[in-house]
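According to Swiss-Prot, the features are:
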- 22-42: transmembrane segment (TRANSMEM)
- HIS27, LYS108: heme binding site (BINDING)
- 74-94: transmembrane segment (TRANSMEM)
- 103-123: transmembrane segment (TRANSMEM)
- 141-161: transmembrane segment (TRANSMEM)
- 165-185: transmembrane segment (TRANSMEM)
Amino acid sequence: MPKREYFSLPCPLSTFTMAYYWFKAFHLIGIVVWFAGLFYLVRLFVYHAEADQEPEPAKTILKKQYELMEKRLYNIITTPGMVVTVAMAIGLIFTEPEILKSGWLHIKLTFVALLLLYHFYCGRVMKKLAQGESQWSGQQFRALNEAPTILLVVIVLLAVFKNNLPLDATTWLIVALVIAMAASIQLYAKKRRRDQALLTEQQKAASAQN
């Protein structure tokens, strides 16, 4: 005779446990939204800065469009993502206050504080770009765009490994990421200069024929 399989209902969770899971779920959602906004925002800064190299009226049209996109992204997506992330983190600590005694959490909060500074600095850069006061080049913004990647890696590793974080492996990983990012930025800059030189030569050749 085959054994009968009985369906059993899951045991009800306590209110604090349920609250913890809800806070954690929305904390993760907030992180995804926040980082997506930060990555795209600084990418828009790159395009905004590079628009200065375009002839009129394309230059003015592009800069106004990027300014509008930056404001909407920062105010509607990035900042709400940051608020949800921080608010849900506070909720997690409220449901599990003993976690404040963990050394890894203090380090993680330090990197989160750096990320918050980065967030508000991006807001300041956005205003300078809108006012035409930013002196940053597209290549410099590309470098700035890589900063949250490093912070994200460290924060996630701390959240996963906690006090067992392998420092040697983490250090080498960060060094490798920095080298790879710097190399990609330099390669793109070289390609862009080569493309611009080729375009200039083609324009000169076309003018000579006319």
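Each Cβ is built from the backbone N, Cα and C atoms, and glycine gets one as well.
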Contact ranking winner - 22-42, 103-123, 141-161, 165-185 against the transmembrane segment (74-94), Cβ under 8 Å: 22-42
Beyond the flanks of the transmembrane segment (141-161) by at least 6 residues, Cβ under 8 Å: 35, 38-39, 42-43, 45-46, 49, 104-105, 107-108, 111-112, 114-115, 118, 170, 173-174, 177-178, 181-182, 185, 188
